[in-house]
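Notes follow once the structure below has been shown.
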């Protein structure tokens with residue numbers, strides 16, 4: 001399905017997973033999305049991607065929302081929590097099953113890890129009926145070749161069969177996979193542009209295929225450079241990124257804006273977060289983002 005009509009009001013979203021407190025890399029993504037939405041006179045939404053019950057914690061979700069508030073990054077509508085939407089995802093899976101788009105997979109994790117990143121198709125025709133035990137569900141990819149135009153990264157095309165193969169849409173434990181939950185929630189929230197880190201660029205063709213299978217609208221996409229340390233490693237919780245200091249929101253915002261090439265005007269030094277964000281929105285142009293796929297934070301304590 002084509003993208004939304006260009007006259008539709010802009011709707012962006014920030015969708016962190018509550019596996020830990022907000023760090024500088026996540027704050028940077030939130031600031032870029034917030035400024036883009038405000039500059040375009042649109043809405044900025046927040047969604048908590050907590051479908052993974054094993055890794056996500058409500059305390060972290062509360063912390064993330066509090067940090068956004070402290071930094072003046074106020075959202076426009078009620079926060080959506082994936083953990084409350086299991087029934088919606090189940091119905092979508094039933095639709096895929098009714099169209100023979102998914103199949104059960106019982107491949108052990110160890111076997112999958114040893115066979116490389118591309119699924120072999122071992123279970124594709126193995127089960128005429130769903131097995132009784134635990135099993136994942138995979139989407140049949142076939143010969144799908146997906147192309148899209150990313151606002152910053154240009155034309156992207158991917159042959160899903162040779163790049164990833166049939167991919168998981170429901171995990172063995174019954175929880176929805178990231179790609180399924182993401183496309184359903186983006187559609188329900190009427191997101192017109194998915195703005196996120198370039199590390200998720202390769203996920204987009206899978207999500208577009210799911211949108212086509214479920215008859216969902218395709219939003220526009222804008223994948224921004226990620227923040228990395230001096231070793232070129234993306235700032236992340238897994239890599240030990242520190243939580244942002246909630247006692248220094250103005251300083252944190254200026255750090256993010258400086259990494260983006262924005263230099264504060266003297267009267268704004270020491271300003272409150274709301275004033276800083278108003279200034280940033282007034283001067284905002286996403287084309288000013290540094291070129292490439294990463295921004296080195298240098299010697300910052302992150």
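Indices start at 1 and increase along the chain as displayed.
Note: Cβ is positioned from N, Cα and C throughout, glycine not excepted.
Here Swiss-Prot flags 13, 14, 15, 16, 17, 49, 178, 196 as L-glutamate binding site, drawing on sequence analysis. According to Swiss-Prot, the feature motif ''HIGH' region' maps to 16-26. The Zn(2+) binding site annotation in Swiss-Prot covers 105, 107, 119, 123. What Swiss-Prot lists as motif ''KMSKS' region' is 234-238. Annotated ATP binding site per Swiss-Prot: 237, in sequence order, evidence recorded as sequence analysis.
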Exercise for the section: For the motif ''KMSKS' region' (234-238), jot down how many residues DSSP puts in helix, in strand and in coil. Expected result: 0 helix, 1 strand, 4 coil
Exercise for the section: Report the nearest neighbour of residue 14 (L-glutamate binding site) in space among the binding-site residues 105, 107, 119, 123, 237, comparing Cα positions. Expected result: 237
Problem - By Cα-Cα distance, the member of binding-site residues 105, 107, 123, 237 nearest residue 17 (L-glutamate binding site) - result: 237
Exercise for the section: Just give the helix, strand and coil counts over the motif ''HIGH' region' (16-26), going by DSSP. Expected result: 3 helix, 1 strand, 7 coil
Practice task
Give the number of CB atoms, excluding that of residue 14 (L-glutamate binding site) itself, located within 10 Å of its CB.
Solution key: 23
Fill in the blank from the handout: Per DSSP (three-state), residue 178 (L-glutamate binding site) is helix
Completion exercise
Same-chain shell around L-glutamate excluding 13, 14, 15, 16, 17, 49, 178, 196, C-beta within 8 angstroms of the CB centroid, reads 47, 48, 182
Completion exercise
The answer, for which of the binding-site residues 107, 178 has its Cβ ringed by the most other Cβ atoms inside 10 Å, is 178
Handout entry: Remaining residues near the recorded Zn(2+) site, that is with C-beta within 8 Å of the centroid of the site residues 105, 107, 119, 123
Key = 106, 112, 120, 121, 122, 124, 136, 138, 166
Completion exercise
Here the 10 Å Cβ neighbour count for residue 123 (Zn(2+) binding site) comes out at 18
Fill in the blank from the handout: Closest by Cα to residue 15 (L-glutamate binding site), out of the binding-site residues 105, 107, 119, 123, 237, is 237
Exercise for the section: Taking the Cβ of residue 17 (L-glutamate binding site) as the centre, count every other Cβ atom within 10 Å, in any protein chain shown. Expected result: 19
Practice task
Measure from the Cα of residue 105 (Zn(2+) binding site) to the Cα of every one of the binding-site residues 13, 16, 49, 196, 237, then give the nearest.
Solution key: 49
Fill in the blank from the handout: Note: among binding-site residues 13, 196, 237, least Cβ-dense neighbourhood at 10 Å is 237
Fill in the blank from the handout: If you measure between the CA atoms of residue 178 (L-glutamate binding site) and the residue listed as 'ATP binding site' and round to the nearest Å, you get 18
